[in-house]
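Q: The domain 'Phosphofructokinase' annotation in TrEMBL covers 95-392. As annotated by TrEMBL, ATP binding site applies to 101, 164, 165, 189, 190, 191, 192. Annotation comment: TrEMBL describes 190 as Mg(2+) binding site. Positions annotated as active site, proton acceptor by TrEMBL: 220. Residues annotated as region 'Disordered' in TrEMBL: 455-483. Sequence annotations record features per position, and here TrEMBL assigns compositional bias 'Basic and acidic residues' to 467-476.
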Ligand SMILES: Nc1ncnc2c1ncn2[C@@H]1O[C@H](COP(=O)(O)OP(=O)(O)O)[C@@H](O)[C@H]1O
Ligand SMILES: O=P(O)(O)OC[C@H]1O[C@](O)(COP(=O)(O)O)[C@@H](O)[C@@H]1O
Ligand SMILES: [Mg+2]
């Protein structure tokens, strides 16, 4: 495992508190690299587009809700094709690797990297790395062409395979160097991007002309800075089917409880959005919102009250919720997967065992079903933009970056901004308040928890109202966050 903290920040400042958190460029350590005109200017599909090329000075602001005296704040380099590129088409030897858990849309991103490289830049040599990071040094590669990847976006999973663990930086970079690879596209979550950061550092240390581009993948939406991760909408959509089933089942029996366990190891976005979308849920439990079971104001009291009132209820629980309670009760040791992620106990079933009154439990665990499916149309389009942005960035000589939308505009984001913290539901924000008002559940928080949550409050992403809304001064009729 490497230390991504090695990455040096590339900062530029401007007037009015403007800060550009820039990404590295190959010329930072290879200053004499030649550049070439972008072949896209001769491409019939693109040459008619007015202002097709992104101005090198274009940047994307992280904060879009401002006051008249706010500093301009942090910006990221805008993604997109540049006038000049640092690779000739027949010089490029690209590879693609997918790591970590599955996510709807992985195959679409793979397809669009291959087709983007080939159709936009005339690249012919593209390899797939089999089975995640360890595939660099322990497996044969797969040749990828537009024909090979033509219909893979219609399938779930990743045609390249994936894995956890197995990140051996020097073996991976040796393999990149030995095979003559000069563009590396790395699809994966927070762990994968940490791995990508150390691969980039080692490549830079060896002075290689190799661009490293990360494409953020996470079903849990736990990657910060970007608006949301691809596949998230697909997962929320699929979760509706489980919640509907839970609702129907619970309605048809006396004291029926439909309990749905959804993914979300440390972040409860899927559970929160699936609950908000469904409107049939009476209680949503996520890792970010502590709760207690027994006594006045506890979960069991609420369940009994709801059942007495309505005769049935639907509970959605993110798999990472209440893990402290389960571990305490079962006195279990912390276990980890090959990547060092905490292995979770089955919280759903455990909670249901403690309910004192007679109930009819219908427990639905669609865990893998929501992530092993192909992506929906909107995610497919999103995946295409991510893939093309990554290709444009690497061709333009940028490296050590992750691509993603920031306030709707695609940007190149330095690895350390993506890996320094996890995106979490902020329970003192309005989105969680909306959820509480939609389910009518108590917050299950005691005043101490509320004070702690306020202290831990994190900057917002597009999925949250977050920091853009935190200033009480903006809480007026015109406040766009109140819609
Ligand atoms: N700090 C780290 N340094 C280097 N590689 C890492 C680091 N953390 C995770 N990885 C590697 O990234 C890959 C995926 O990580 P994992 O946590 O399983 O999934 P995800 O990237 O989806 O969060 C694994 O192969 C793992 O070894
Ligand atoms: O059983 P697996 O394949 O390890 O995956 C389970 C975990 O993967 C996740 O989807 C997140 O995985 P990533 O970090 O790879 O995105 C969690 O929600 C879940 O706990
Ligand atoms: Mg992860």
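Even glycines carry a Cβ here, placed using N, Cα and C.
Worth saying up front: this structure is predicted, and the values here are computed from it rather than measured.
So where do these features actually land, and what's packed around them?
A: Contacts of residue 189 (ATP binding site) defined by a Cβ separation under 8 A and a same-chain sequence distance of 6+ are given as 99, 100, 101, 216, 217, 218, 220, 222, 223, in order along the sequence.
Taking Cβ-Cβ distances under 8 Å and a sequence separation of 6 or more, the neighbours of residue 190 (ATP binding site) in its chain are 218, 222, 223, 418, 419, 422.
Neighbour count (other Cβ atoms within 10 Å of the Cβ, all protein chains): 29 for residue 220 (active site, proton acceptor).
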Q: Would you count the other CB atoms within 10 A of the CB of residue 101 (ATP binding site), including those on all shown protein chains?
A: 21
Q: If you draw a 10 Å sphere around the Cβ of residue 192 (ATP binding site), how many other Cβ atoms fall inside it, taking every protein chain shown into account?
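A: By my count, 28.
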Q: Relative to the mean position of the Cβ atoms of 101, 164, 165, 189, 190, 191, 192, the recorded ATP site, which additional same-chain residues have Cβ within 8 Å?
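A: Result: 99, 100, 188, 195, 339, 341.
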Q: Mind giving me a neighbour count for residue 164 (ATP binding site)? Other Cβ atoms within 10 Å of its Cβ, every protein chain shown.
A: 20
Q: Identify, among the binding-site residues 165, 191, the residue whose Cβ has the fewest other Cβ atoms within 10 Å in this structure.
A: 165
Q: For ligand 3, pick out the recorded positions 101, 165, 192, 220 that have a CB under 6 angstroms away from one of its atoms.
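A: If the test is a Cβ under 6 Å from any atom of ligand 3, the answer is none.
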Q: So which of 165, 189, 220, listed as recorded positions, have a Cβ under 6 Å from an atom of ligand 2?
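A: What lies within reach of ligand 2, judged by Cβ under 6 Å, is 189, 220.
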